[in-house]
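**Q** If you look up TrEMBL, you'll see 5-94 marked as domain 'CS'. The transmembrane segment annotation in TrEMBL covers 150-170, 190-207, 214-235, 241-261, 281-304, 324-343.
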């Protein structure tokens with residue numbers, strides 16, 4: 001009696017250039033896999049959902065594919081790779097709109113179109129970097145130097161912000177609220193150092209040493225340095241205010257979780273706790289830091305008005321005095337705009353890292 005012909009379970013995923021099919025059959029013998037007239041034909045003896053039988057199926061693809069499928073047999077399944085003739089994203093696998101009952105998405109390999117584009121760009125960037133490094137010298141040597149440089153930069157920043165954080169925490173535990181009012185005179189030198197060194201981070205992003213986007217990095221650099229050097233640094237009246245404590249504390253608390261993550265990345269290590277903290281602590285700390293910065297700007301407006309510092313008079317015939325507080329009010333608007341841009345950027349990073357619940361995809 002001939003073995004009954006059945007249809008196996010088939011799971012699929014795609015990239016812009018390729019299609020991936022996983023056929024759930026174990027102990028496959030003599031597979032016949034071919035593509036004719038844009039239709040994939042599969043027939044094989046194996047053990048599937050209905051036991052040991054001959055299984056077969058046919059799929060007519062949505063668009064043109066190359067007629068040379070590549071397959072690999074494993075003990076539990078058959079993996080088939082099909083090349084698209086044109087690199088593009090398909091809305092579905094088959095020409096018929098109704099999905100065959102035996103076909104389902106392969107969520108182990110599934111990516112949305114935007115994620116697939118990022119993967120494609122990453123591969124292309126990796127290929128171009130490899131070619132560039134090969135023309136410049138040994139890739140291993142250059143990569144090691146780059147990782148060593150980035151590790152040391154992140155390590156120094158971690159030490160600096162850790163010193164600020166520990167110093168402020170210990171002083172608060174000993175002195176209580178009294179420690180708020182001399183925070184600037186206690187830790188300002190180290191904060192100056194760390195924030196001036198942070199310029200390197202923006203330069204690294206701008207010249208391609210790191211893959212960080214330039215705009216969010218530049219917004220944070222300029223915003224923090226404006227508060228530190230202009231609002232606090234030039235006005236002694238502001239240096240004794242409690243708000244300095246909260247600004248410095250939120251800054252340092254954010255960075256003591258961020259820089260260890262970057263250090264571990266440089267040495268190809270992934271500690272789940274550190275990674276989770278890196279992608280999570282900013283959620284409360286960024287708005288709190290922004291609020292503390294806004295309070296410091298608001299408190300500085302009457303101080304700048306009273307002293308007249310950085311105010312100026314427009315030349316004849318206008319002769320209008322422009323107070324620096326006018327620019328501080330503009331900065332307040334820019335501050336919350338910058339918060340939105342950075343918050344959106346960090347949210348996208350977190351979503352890419354941890355993902356969302358997979359949708360049911362046809």
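Even glycines carry a Cβ here, placed using N, Cα and C.
Note: TrEMBL annotation is automatic and uncurated.
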**Q** Can you see whether the transmembrane segment (281-304) and the transmembrane segment (150-170) are touching - at least 3 CB pairs under 8 angstroms, only pairs 6 or more apart in sequence?
**A** no
**Q** Per-residue pLDDT averaged over the domain 'CS' (5-94) comes to what?
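**A** So the average pLDDT across the domain 'CS' (5-94) works out to 91.
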**Q** How about the transmembrane segment (324-343) and the transmembrane segment (214-235): do they have 3 or more C-beta pairs under 8 A, pairs 6 or more apart in sequence?
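**A** Answer yes, regions in contact.
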